[in-house]
Structures are given as structure tokens and as C-alpha cells.
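Engineer: I have a structure I would like to understand better, so I am pasting it below and will then ask my questions one at a time.
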Amino acid sequence: MEIKNCSVVTEFILLGIPHTEGFETLLFVLFLPFYACTLVGNVSILVAVISSTRLHTPMYFFLGNLSVFDMGFSSVTCPKMLFYLMGLSRLISYQDCVSQLFFFHFLGSIECFLYTVMAYDRFAAICHPLRYSVIMNSKICVALAVGTWLLGCFHSSVLTSLTFTLPYCGPNEVDHFFCDIPAILPLASADTSLAQRVSFTNVGLVSLVCFLLILLSYTRITISILSIQSTEGRQRAFSTCSAHLIAILCAYGPIITIYLQPTPNPMLGTVVQILMNLVGPMLNPLIYTLRNKEVKIALKKILHGKGSVSEG
């Protein structure tokens with residue numbers, strides 16, 4: 001349908017977190033430490049992986065990638081949210097809104113793909129230990145990492161294009177604390193059914209395929225672990241995988257709640273989105289370091305000023 005006298009929207013107003021008027025200062029004081037911990041925790045893991053030669057393995061290569069994307073994912077939405085909680089402008093330009101939506105889904109989908117690759121890495125290490133160095137050589141690791149970036153870029157480009165090729169002529173108040181598909185589409189001045197269906201299918205398909213591949217890897221891993229005769233060997237193998245499984249559960253729960261509900265609950269979606277944007281990226285460093293002796297040793301050496309070390 002052709003739209004006449006369309007006054008194109010050049011900026012949006014982020015209405016923020018619903019039902020929190022008057023609590024902005026409290027929320028700022030609450031959220032700022034979460035964001036700071038996310039940055040410090042993920043930088044610490046990245047420095048540990050780079051500086052410790054013991055951690056120059058495929059598993060830690062992908063963990064370092066995950067730390068970078070966790071910092072980026074949280075930084076896409078949190079700084080703007082913290083600014084408006086401080087009483088600064090809630091305005092976001094059209095171009096910045098497009099960028100925010102693109103990078104949110106770009107980094108978020110990369111994490112899904114990366115969890116899948118990390119599950120395959122654990123499968124190769126536990127089920128094929130003798131061939132592990134061949135299966136996961138440096139070229140394959142780099143190819144898998146680049147593959148996750150390219151897939152994430154394609155996935156996000158589709159979602160962003162579908163959302164912003166629609167005309168936005170009237171209301172510009174986004175009932176959310178950042179630009180995301182469920183909050184932006186209701187403002188469009190045209191039929192959004194196609195964009196909604198494709199977005200639902202795209203997010204659902206990516207999540208489902210990644211989840212099934214992870215499930216397949218861990219089914220094979222479980223069968224392999226149960227065949228280990230040594231109790232100590234079984235415990236060590238399960239311990240290696242448990243951190244990854246906890247991180248996967250933390251990542252997939254919010255995706256299902258926010259994007260794959262037949263009738264979304266806006267308030268529930270906002271709460272879960274905050275947990276996904278703030279708490280999830282902060283938890284990953286804790287999940288991986290608290291259960292990982294090698295990372296803890298590397299961090300202790302860095303803290304004691306033993307920086308880049310070649311460890312025997």
C-alpha cells in the first residue's frame with residue numbers, strides 16, 4: 001500500500017524499562033557494577049588466554065572469542081541504557097537504531113554458533129583424543145571462527161533489512177530500552193506480518209539447528225564418557241563439559257522467552273532481556289574460571305606480575 005504524506009522518522013525515543021519511573025538512580029547503581037564486571041571478567045579471560053601458552057589450545061581459542069563477543073554484546077545496549085538512567089537523552093538516531101539492532105543480532109547469533117563449535121570441539125577432544133590435534137588443527141579452528149562471524153553477519157543482515165525496509169512515518173516511541181525487532185516493528189507504517197514471520201522463523205531456525213547440533217555432540221560425549229572405566233576419568237570429562245552446558249542453558253532460555261513465544265509478554269520479555277544483556281555476559285567468565293584450574297592458574301600468574309609466560 002502506498003503511503004502518502006509520509007514524514008520519515010529520523011530518530012526514536014527509547015521509553016526504557018517499563019514501570020520503573022522514579023527508580024532510575026537505583027537501577028543505574030544496580031546495573032553499572034554488572035556491566036563493569038562483564039568487561040573486567042571477559043578482559044581477564046582474554047588476557048589469560050593470550051598470555052599463557054598452556055591455554056593456546058582450540059578450547060581456549062574459542063573461549064577467547066566468546067569473551068570478545070560477550071563484551072561486544074553487552075556494550076551494544078548497556079551504555080545507552082546507563083546514560084538515560086543517569087538522566088541523559090533517551091533519543092537515538094535512526095542510523096544508530098539500525099546499527100544497534102544489527103550488532104545485537106550479529107553478536108548474539110555468533111554466540112549461538114560459537115557454542116555449537118565449542119560443543120564440537122569437546123566432542124572431538126573426548127570421543128577422538130588420538131586424532132584431536134588433526135581434527136582441530138589451527139587452520140580448522142580459524143575457519144570455524146570465521147564461519148561463525150560470516151553466518152552471524154548474514155543472519156543479522158536479513159533481520160535488519162526486513163525490519164528497516166519498512167516505512168516509519170508516524171510514532172517514534174520505542175517501548176523498550178534498546179532497538180529490537182519486537183519493539184520496532186509495531187511502529188512501522190505498513191504491514192509487518194512478513195517481517196514478523198521471517199524474523200520468527202529465522203531466529204527459531206538458527207536456535208533449533210544450533211541446539212540440535214549441540215545435543216548431538218553431547219549425546220556422543222555422554223556415551224563416550226560412560227564407557228570410561230576410571231571414575232576419576234569420568235569426573236574429569238564431565239567437569240570439562242559442565243561449564244559449557246551451564247553457559248548454553250543461560251543463553252538459550254532467554255532466546256526462547258523473548259523471540260519464540262506465540263504471544264509475547266512484554267514485561268517478562270524486558271526482565272529476561274536485561275538478564276540476557278547484563279547478567280549472561282557477566283556469568284560466562286565466572287562459569288568458565290570457577291570450574292577451570294588452568295584459567296585460574298593463568299590469572300594468578302598475571303595478578304602476581306608473571307605476565308606472558310612460556311609454561312612447561
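Heads up, residue numbers simply count up from 1 along the chain you see.
Any Cβ shown, glycine's included, is placed from N, Cα and C.
Because the structure is a prediction, the values reported are computed rather than measured.
Quick paste of what Swiss-Prot says about this protein:
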DISULFID  Cys97-Cys179  disulfide bond
CARBOHYD  Asn5  N-linked glycosylation site
TOPO_DOM  1-26  topological domain 'Extracellular'
TOPO_DOM  48-57  topological domain 'Cytoplasmic'
TOPO_DOM  79-97  topological domain 'Extracellular'
TOPO_DOM  119-139  topological domain 'Cytoplasmic'
TOPO_DOM  161-197  topological domain 'Extracellular'
TOPO_DOM  219-239  topological domain 'Cytoplasmic'
TOPO_DOM  261-266  topological domain 'Extracellular'
TOPO_DOM  288-312  topological domain 'Cytoplasmic'
TRANSMEM  27-47  transmembrane segment
TRANSMEM  58-78  transmembrane segment
TRANSMEM  98-118  transmembrane segment
TRANSMEM  140-160  transmembrane segment
TRANSMEM  198-218  transmembrane segment
TRANSMEM  240-260  transmembrane segment
TRANSMEM  267-287  transmembrane segment
Engineer: Give the helix, strand or coil assignment DSSP yields for Cys179 (disulfide bond).
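Structural biologist: Cys179 (disulfide bond) sits in coil per DSSP, no helix or strand.
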Engineer: Tell me the coarse DSSP state (helix, strand, coil) of Cys97 (disulfide bond).
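Structural biologist: Note: Cys97 (disulfide bond) is helical by DSSP.
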Engineer: In terms of Cβ proximity under 8 Å, which residues at least six beyond the ends of the transmembrane segment (27-47) contact it?
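Structural biologist: Answer is 17, 20, 63-64, 67-68, 70-71, 74-75, 78-79, 81-82, 85-86, 274, 278-279, 281-282, 284-286, 288-289, 295, 299, 302.
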Engineer: Tell me which of the disulfide-bonded residues Cys97, Cys179 sits in the most Cβ-dense spot, judged by other Cβ atoms within 10 Å.
Structural biologist: Cys179
Engineer: Is the number of Cβ-Cβ pairs under 8 Å between the transmembrane segment (98-118) and the transmembrane segment (267-287) three or more, considering only pairs separated by 6 or more positions?
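Structural biologist: Checked: the transmembrane segment (98-118) vs the transmembrane segment (267-287), no contact.
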Engineer: If you run through the topological domain 'Cytoplasmic' (219-239) with DSSP, how many residues end up as helix, strand and coil?
Structural biologist: 17 helix, 0 strand, 4 coil
